[in-house]
Amino acid sequence: MEQIIVHGGNTKLEGTVKIEGAKNAVLPILAATLLAEEGVTTLKNVPILSDVFTMNQVIKHLNVAIDFDEDANEVTIDATQPLGIEANYEYVSKMRASIVVMGPLLARNGHAKVAMPGGCAIGKRPIDLHLKGFQALGAKIIQKNGYIEAIADELIGNTIYLDFPSVGATQNIMMAAVRAKGTTIIENVAREPEIVDLANILNKMGANVIGAGTETMRIEGVDKLHAVEHSIVQDRIEAGTFMVAAAMTEGNVLIEEAISEHNRPLISKLTEMGAIIEEEENGIRVIGPKHLKPTDVKTMPHPGFPTDMQAQMTAIQMFAEGTSIVTETVFENRYQHLEEMRRMNADLKIDGNIAVINGGNELQGAAVEATDLRAAAALILVGLRANGITRVSNLKYLDRGYYEFHKKLQKLGANVERVNDEKIEEKQATTVI
């Protein structure tokens, strides 16, 4: 077991931090490379994350040659050989996003079999919208023994309305529809920047996708797609996490290559709290205030406030001088991190999907456990300002979405370290709290 140990109290982050390629963009784009029947695809700006390694293994076991050059942050994929139809259970069960291989496999093979996905324990997150989309394109769906199968002799374009703008469903249906005969119109689609990035690579590959980033997408089916070179868009959630870190520590941090247009709701909320946000030529600078003001947040599908920034916002709200209200509308069961923050003397109440955070308490370091990916980052952020030592465990979640998070914080001046069991025992024997 590993832990991140945070020595908090008077941390002020200063300097420059580099943002990686987006986890939420690279995973569906890796799946999209299965559609390339000609050539070798090269993906650049690929983040070194455990989820990326998992997706690489899912793809490899479909009879695809894949190589990850970690030094160059590049992945090459040769999917020109006949593909398998079944995604490997060992890897699919670890990560929910692996369900997005289903659309490309259905489009390419006319047959896809995928185990029910795993991942972070954030609510139910059903995949019924994915399956309804496949059915609308002419696929037969079979659910049996923990597996889902989609079978179609031919996919036919159709008009599909999503009851909710699900990111995963939008991606899966897009990738199936690019090979469907005729025109597919998808209404009430997800509009996240990662959707636009997926559409960009699909169009480079020879697809005809119109309207990505808007509420309605139109896709004209094509017969074949080919390999391309593509650079993954920057990670707006990692950028947002460091923006919050700077703001809550009275810091002064330049987040390199962060795209302000992708973080408008967060910028608005941090400004309300007193932070100064400056757009510079090579990124976004965040200067934290001496006194943080409270602010209310309601998560929404893009372009609303992102649910993936909710935990980090609760971290900064703990130190605001007043009461903040958070309303989570995207996922249920996404306040588990708040129970861990209570261990640090946080004053809060949870009522269904609403959390009331009374800021201004003196928070104390404690041993806490990450309950999901963003919770892991949020607990570390609270530790930066809490008095004493905070120990954050269950780092498998952190590694799914952040590359060397502790090292980036160290570079900005934080007193944090990542230690293994042996070093933990040594420190516990010598440290008085």
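Including glycine, each Cβ sits where the backbone N, Cα and C put it.
These features come from Swiss-Prot:
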- Lys23, Asn24: phosphoenolpyruvate binding site (BINDING)
- Arg96, Arg125, Pro126, Ile127, Asp128, Leu129, Asp308, Val330: UDP-N-acetyl-alpha-D-glucosamine binding site (BINDING)
- Cys120: 2-(S-cysteinyl)pyruvic acid O-phosphothioketal (MOD_RES)
- Cys120: active site, proton donor (ACT_SITE)
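Overlay of Swiss-Prot annotations on the structure.
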{"residue": "Lys23", "record": "phosphoenolpyruvate binding site", "DSSP (3 states)": "helix"}
{"residue": "Arg96", "record": "UDP-N-acetyl-alpha-D-glucosamine binding site", "DSSP (3 states)": "helix"}
{"residue": "Pro126", "record": "UDP-N-acetyl-alpha-D-glucosamine binding site", "DSSP (3 states)": "coil"}
{"residue": "Asp308", "record": "UDP-N-acetyl-alpha-D-glucosamine binding site", "DSSP (3 states)": "helix"}
{"residue": "Val330", "record": "UDP-N-acetyl-alpha-D-glucosamine binding site", "DSSP (3 states)": "coil"}
Position of peak Cβ density within 10 Å, selected from the binding-site residues Asp128, Asp308: Asp308
Most crowded position, judged by CB atoms within 10 A, among Ile127, Leu129, Val330 as binding-site residues: Val330
Candidate with sparsest Cβ neighbourhood (10 Å radius) among Lys23, Arg96, the listed binding-site residues: Arg96
Winner by Cβ contact number (other Cβ atoms within 10 Å) across the binding-site residues Asn24, Pro126: Asn24
